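Enquirer: In case it's useful when we look at the structure, here is the feature table from Swiss-Prot:
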- His96, Asp98, His159: Fe cation binding site (BINDING)
- Arg169: 2-oxoglutarate binding site (BINDING)
- 78-178: domain 'Fe2OG dioxygenase' (DOMAIN)
Amino acid sequence: MLLHIPGLFDADELARIREALEQADWADGKVTAGYQSAKAKHNLQLPEGHALAKEIGSALIDRLWKTPRFMSAALPHKVFPPLINCYREGGNFGFHIDNALRQPKGSPERVRTDLSSTLFLSDPDSYDGGELVIQDTYGVQQVKLAAGDLVLYPGTSLHKVNPVTRGQRYAAFFWAQSLVREDSQRALLFEMDNAIQQLTADVPDHPSLLQLTGTYHNLLRRWAEV
């Protein structure tokens, strides 16, 4: 399941973020890649724990936690703190699958990467290439969103970032461990939650709503890991 979450940051905020990123000291992106992924990774990244990455990441997570659509789809349990990357001319990341487990720097906790998220920070007309290409059950999806928009997709997906041929592509990305490990189960719960919300708006007093809501929570109780 791919999900588009629009408008998490406004134009003024994005302009300030990009100005700060232009002055930042970048590191080779290979430092956070696994052995196989490092062979395909050609980009720049703010070091883990960098003050600017922490500031952007904290604002991003705070807004997502207040976004019902994201919470319904992801059912997040734990999050690997967001990282910030930059693709300049020639920068790319070949096809790969993210490592199954991530351990934040300085933390004993590990995060299972059930879900991946990318927040686009650059206007799409400011750079050429740089599409996020995701292979899913419906084929190949190419994603290049407006600045401030986020895409959520299964961490099990084979994906890549096409070469940037002009300009710079800034983005934030992170992984989440869901309360529900299996993507198909999360998708079913998301569809059911959406239907319940729509029925609540259309026929708020319908007696079946109580039963449907109970079924949702019973399924969540069966599948959730806490």
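Placed from the backbone N, Cα and C atoms, the Cβ positions cover glycine too.
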Enquirer: Sequence gap of 6 or more, C-beta under 8 Å: which same-chain residues meet both conditions with respect to Arg169 (2-oxoglutarate binding site)?
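Expert: The answer is Cys86, Tyr87, Gly91, Phe120, Ser122, Tyr127, Gly129, Gly130, Val161.
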Enquirer: Quick check on the binding-site residues: of His96, His159, whose CB has the lowest count of neighbouring CB atoms inside 10 Å?
Expert: His96
Enquirer: Inside 10 Å of the Cβ of Asp98 (Fe cation binding site), count up the other Cβ atoms and send me the figure.
Expert: 19
